[in-house]
Structures are given as structure tokens and as C-alpha cells.
Amino acid sequence: LLLLSHAAWGLTEGLYCGRRVCYDVLGVSRQASKAEIARAYRQLARKYHPDRYRGEPASPDGGGPQAAHEKFLLIATAYETLKDEETRKDYDYMLDHPEEYYRHYYHYYSRRLAPKVDVRIVILVTVCAISVFQFFSWWSSYNEAINYLATVPKYRIQATEIARQQGLLNKTKEKGKNRRSKEEIREEEEEIIKDIIKNKIDIKGGYQKPKIYDILLFQILLFPLYLCKYIAWSCWWIYCFRIKGQEYGVEEKLYIIRKYMKMSQSQFDSLEDHQKETFLERQLWIRENYEVYKQEQEEELKKKMALDPRWKRYRRWMKNEGPGRLTFIDD
């Protein structure tokens, strides 16, 4: 009995109430209800709280303020252990099965080190914050593109002509009491030109008009739908073009060309229409034709680099000095 008692006594060291039984610390039985445990804790907390201690003996053996403080911490630990149903269940199991040493340590520290906030809430808030930042960042890029296009003579002249045909610029020049300053008229004309550019010009690529469904939050929510659509599209592609042997349409040809070029949809959409027509004329959806086209582009790039004076200077610098050569040039 002494050996078993000593083993059980050693198992509880460092866990919960240490070598003391939490029920004995609060002065309740193991069958006590949550209300009885809370009542016992309030009574003992009022007695041993450091703010209420005024120098009277804190314990029967006559302790000082330090002993009262340690006693209060022990009472608080016992209450924290027994007030929660799951923690109390683990503690009761430890009292009944003291030999399962590692299991008790695992449950104790897993609950203590577990995050207080639900991880799902943290992930949701993070995704929402990223989505908001992403949406406003896209709007900023889109507005920068509109402001830039408003300064390009080609688009500005076209937008001004459309505004005059619609009679929008004539409304800005009013007379009488409604007459405004030149600065106000100029600002309003600028806004009209920008609105026409927004409505008439389809900006593609990284500066296109942002859509709510492109942000991260909606992409995650719609991922199952996108996955199902992709599987259905893959099955349709295999059935039509692999099994039945149908000829590719224009969209399918452009899709294959885009895959060969390793370009995203937005990058491919930003290309001019005459470039896509050139791709179709040269039948680049055929692998052999695309390899020939790729070789031609590489050769053309090499020629441009050979004739570019900046590349000539760079090659001359690499040949004569290079990035790792020591020189004595004062400047």
C-alpha cells in the first residue's frame, strides 16, 4: 500500500494541484456539483485573497502573507481544474488510473497549450482581411490604369469626341447663376473623359476592372463548384477530341496555344487581337508548328539583343571587367 501510494503521489507532481488533491484543496467531495465547487471557491478566495489579507494567520500552522498568496494560487488552480467538465474528467481519470503517466501529461499540456481562440475563426478573419486588401488593391490598380489612359492622346481624343457627340461637354459650360470657375469645369470634363474610357475601353490583364468573385474568399467558397466544372470540362474534352476525334474550334485552339506558351488567362487576354490571329494562321495549336515559332522568336530576340547598344555595353563590361574583377579606377 505504501509503494502504491508513493507511486500515485509522484505521478501528480507538476500536474494540476501538484501533490494535493484538488477536491481536498476546496474542501469538497468528488461528487460535488459545479455550484458547490464555485461556492467553496468563493469562500476560500475571500479568505486567502492577497488584497483581503491583513496580517492574521493565513493557515492553521501560522503562515504569513507569502503563505496566503501561495494558498490562494493553489485554490485558484483547483477551481480552474474542476470548473470545466472536460478538465475535471481528465483529472478524475488521473486519480483513478495513476499508472498511465504519459497520458496524463499529454492531456494536461495539450489543454494548457491549446489556443484560446478557435482556429477556424482566426483563419476566417485572416481570409476576410486578405480579401478586403486584395479587392481595394485591385481597385487602386484599375484607377491608376484609367488615369494613365486619360493622359494618352489616342484614347483622350477618342473619349473627348464621344463626349461631344453625346453633348456631355456642353453641359459643363453653363451661364448665369450656375456659372462655375474654369477649374471646376476642367475637373468635371476630366471625370467625364475618365467615365467614357471606363465604359468604352476593355482593360485586360493585371489592371482590369476588379470583380467580387475573384477575391480569395469567394475563390475558396466556390472552389468545389470550380472543381466540379473542371472535372466535367475534362471529361467533355476527352470524349469530344480524344474519343470522337472532333476538330478543334477557335476557343479550343487558343486554349492549346495558351498552354504551350505557359501563360495565364489574364496574360493571354491582354494580347492584341492581331497576335491571336497570327497564332491561328500559323496553326500553333500543333506542337511542331509551335516549336518552329518558338525557335523563330528566340532567334529574333537574340538579334535584337545583338543590335541593342545597351546589351553591347553590358557584354563589353562582362568581357573587360565583369562583376568580380578588381580594378584601380578612382571614380
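Our numbering is plain: 1 for the first residue shown, then up by one each step along the chain.
Just so you know, glycine gets a Cβ as well, placed from its N, Cα and C.
The domain 'J' feature in TrEMBL is assigned to 21-95. Look at TrEMBL and you will find 121-139, 216-239 tagged as transmembrane segment.
Outside the transmembrane segment (121-139), and at least 6 residues removed from its termini, the chain residues within Cβ reach (under 8 Å) are 115, 210, 212, 214-218, 220. When DSSP labels each residue, the domain 'J' (21-95) comes out as 50 helix, 0 strand, 25 coil, counted as helix, strand and coil in that order.
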